[in-house]
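Data first, discussion second: the structure below is written as structure tokens.
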């Protein structure tokens, strides 16, 4: 049965809306009945799996860096570039990707991204010979390009399919898919590839892993073709109804976003937080093995603990936002807690008890990875009614820049001054991000539109 929500639309929505032409004059309007359809959960579930299938390949090589170096005969920095290629390809492609999402909608964008994810995974299947690392890197690049058609989708999918009382939770679940994939990326490669094995054993393990992921992405591609829908028959909320009625100009939206003070501050704070997360994730294997030699599987499990805790944090924060609508307060609290979590992680890493490292990683992950959907939703609030795909696209592009710079800086500092000072530098950057977040005004435009409807 279709869920129902009645809302009355009247008057002008807000100042930000007026910039895009406002509503037509009408002294009084009849109540409008908004519906949400059960199929929205299937669409969201398919997206979560598809997003996970892409992001699980992000750390596929770097989390087993020692085995890859041994098998292919490449150096460590080359292996780390298989992770950083995700960040590099996103930056120049974000504007075409956002434009495509804005103009063609969710279904076409998702089909393109799913096909690329599948194609890249199959290229890796043929990269198992020891002289074919370049082909595996090519496949990784294709998968990385495909993420352009994924990272922008959660806030757009939530706004298009879900009602006002579920939109933050839906966005959190959408981001959950990306985190689920990262978690699997930490877990599966160390389990499937024997770092201490012979070259022949490592080759056989890599082949099995590549076939497994190629098979999963192929099944998901078929599922998307069959079941993934572009939009419901009718808008689920007043905000979605008004947003869909606007004649969106992509380049005008870009201009407005880049002159929005709150959005610029959020770009900086979000970039610092997620950039630190990327740096730690990419170099986690090296961090753990420094103090716990041979603990390759533990490195993967610690990464898994960080991400799973973040998945829980994402859902909890999404529920809090839907219940309280206190976006700035939630964002600031989660950010400050991330600083505390990073300090705890820094001073427990060398304690000699790997169980303690697991615990500190869970604390760090709950807040650091849990911040991802909070930042997305806060951005959608302060930039409404600009397209959510464009808003999140620029946000993610900024993240990639910070991710590349901080990963390279972190790697250099690990070699130059050691992990303690390198981690403290990341703590300082997170503290700076907290201060920047405190400067963002709580200009909740989407909530204002919904409340006046």
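Quick reminder: no glycine exception, Cβ is built from N, Cα and C everywhere.
Residues or ranges marked as domain 'Major facilitator superfamily (MFS) profile' by TrEMBL: 36-445. Look at TrEMBL and you will find 39-59, 79-101, 108-126, 132-155, 167-188, 208-228, 263-281, 301-320, 332-349, 355-374, 394-415, 421-440 tagged as transmembrane segment.
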* What else in the chain is close to the transmembrane segment (108-126), if you only count residues 6 or more beyond its ends and a Cβ gap under 8 Å? -> 47, 50, 53-54, 57, 97, 100-101, 132, 135-136, 138-150, 153, 207, 210-211, 213-214, 216-218, 220-221, 224-225, 228, 230
* **Remote residues contacting the transmembrane segment (301-320) - C-beta distance under 8 A, at least 6 residues beyond either end** => 59, 63, 168-173, 175-176, 179-180, 182-183, 185-187, 190, 280-281, 284, 288, 326, 330, 334, 357-358, 361-374, 377
* **Stretch in 39-59, 132-155, 394-415 most in contact with the transmembrane segment (167-188), if contact is a CB pair under 8 A** => 39-59
* To do: Give me the stretch from 39-59, 132-155, 263-281, 355-374 with the greatest number of Cβ pairs under 8 Å to the transmembrane segment (79-101).
  => 132-155
* Given the transmembrane segment (394-415), which of the listed stretches 39-59, 263-281, 355-374, 421-440 has the most Cβ pairs that are under 8 Å apart from it? -> 263-281
* Asked: Which residues of the same chain, at least 6 past either end of the transmembrane segment (263-281), have a Cβ under 8 Å from a Cβ in it?
  -> 59, 83, 87, 182, 186, 257, 287, 303, 306, 335, 338, 342, 368-369, 371-372, 375, 378-379, 382-383, 391, 394-395, 398-399, 401-403, 405-407, 409-410, 426, 429-430, 432-434, 436-437, 439-440
